[in-house]
Amino acid sequence: MKTWPSRAVSLLLLALALPVGCSEPPPPVRDPDTLATIRERGELVVLTLAGPTSLIENEDGPPSGYEVDLANAFAASLGVTARFEVAASLPDLFDALAAGDGHVAAAGLTLTPERSERLAFSPVYKSVTEQLVCRRGGVNPTRLERLPDADIVVLEGSSYEETLRAIGVTHTALRWRTRPGGSAMPLLEAVDDGQADCTIADSHLADFARRRHPELIVARNLTGEQPLAWAYDARIDGLGEALSAWFATAHADGLLEALDETWFGRFGDYDYVDVARFVRRVENRLPRYRRLFEAAADELPFEWELLAAQAYQESHWDPDAVSATGVRGLMMLTLSTAERVGIDDRTDPEQSIVGGAAYLDDLYERVPDSVTGPDRLWFALAAYNVGMGHMYDARRLAERLGRDKDSWDDLAEILPLLSDPAHYSTLRYGYARGHEPVRYVAKIREYRALLAAQDL
């Protein structure tokens with residue numbers, strides 16, 4: 001089990017566990033902590049699993065991820081830091097919780113009737129759908145009666161086994177295989193490689209996986225919405241009450257919604273052609289320029305994945321790209337912008353990346369101070385696309401219409417109005433194709449997320 005000490009950041013919740021097999025001796029059980037001892041030690045021990053929707057392991061820093069942010073936020077509410085213990089599999093996670101090796105289990109755990117009989121859970125913080133994921137052109141059981149025709153492999157100890165057992169009551173020929181592990185992602189990759197016909201994954205993971213492996217398809221939903229919650233050690237006096245109070249506050253304050261948007265709201269409608277092209281170009285174009293993106297990011301407060309994602313949206317990583325309006329290169333710079341940032345050859349990959357990154361940094365610094373957090377970056381990216389003047393106009397219009405001029409979500413709804421004569425005629429910078437920066441930012445966020453998780 002891998003361990004990370006971590007500091008506090010955003011929000012959370014999660015849940016799960018299973019009984020120990022009757023043929024194995026039960027694990028030794030530690031004496032339970034109390035909330036007071038947790039605070040005295042300054043540490044909340046969080047059991048979790050590695051995967052795109054829970055915890056992402058970073059070679060050069062602490063882990064990141066949806067569940068990491070949630071757990072960090074809850075730990076901060078207690079005045080402590082979170083230490084993450086990463087289990088190798090779901091059964092290991094459940095055993096560790098039963099043995100008292102952790103205070104909470106936060107790993108995208110589905111709150112099922114079987115688990116509820118054995119474990120204590122936090123309030124529900126997210127809902128997902130269990131989906132049957134298969135390979136394009138392969139076995140595609142869109143009807144339940146066709147499920148026995150498929151070679152199905154699922155995660156050992158998962159809620160997916162419970163789902164299949166329930167289906168098997170009426171479809172008695174149904175069979176499936178299981179594999180141990182902490183995430184369904186390797187099973188999705190196995191389906192993509194032809195090692196199995198289908199697997200089951202939560203909808204937010206399936207959505208992510210299809211953007212890395214475009215030949216995967218969702219054959220059908222197997223459940224309605226399923227609740228996710230944290231499991232916790234019920235022997236710790238006051239922990240359940242603390243979780244209930246914190247989740248209620250996190251929901252009321254919009255923290256759960258914000259975190260969900262940060263990690264899972266970045267994907268728009270699925271476009272098979274676009275995703276397949278992106279995957280090909282990650283393989284055959286990105287390696288030529290990755291070092292240049294990394295070097296540019298080292299000098300600025302941006303991740304290399306962000307710069308690479310922006311360049312892909314601009315030019316599909318084509319250094320000779322040129323538009324009808326005369327912008328050129330990987331970062332599609334205008335002649336005046338190139339002169340402003342001090343480059344003389346817009347088609348030179350290194351110069352283009354350095355110049356584009358410098359220009360984005362300049363825009364970022366010019367965003368009003370009242371715009372904070374991720375919204376500041378989305379604002380700067382939109383300005384790169386449509387111009388800072390039009391972004392200022394959008395802020396003015398947002399204010400007139402009673403919207404929050406500092407919120408990217410609100411501006412994303414206001415910007416398309418810049419093509420409406422009733423509005424742009426009253427603004428300083430006039431007409432703009434305001435839907436374009438909205439799509440521009442959305443696509444960069446999607447590509448950035450895929451690049452950041454490419455090594456998972």
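Cβ from N, Cα, C; glycine included.
Here the structure is a predicted model, which means the values were calculated and not measured.
Classification of GLU314 (active site) by DSSP places it within a helix. Marked as active site by Swiss-Prot: GLU314.
Swiss-Prot lists 23-267 with the feature region 'Non-LT domain', giving sequence analysis as the kind of evidence.
For 268-456, the entry in Swiss-Prot reads region 'LT domain', with the evidence type sequence analysis.
Annotated signal peptide per Swiss-Prot: 1-22, in sequence order, evidence recorded as sequence analysis.
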Completion exercise
In this predicted model, the region 'Non-LT domain' (23-267) has a mean pLDDT of 93
Handout entry: Neighbourhood of GLU314 (active site), C-beta criterion under 8 angstroms, separation at least six
Key = ALA321, LEU330, MET331, MET332, GLY356
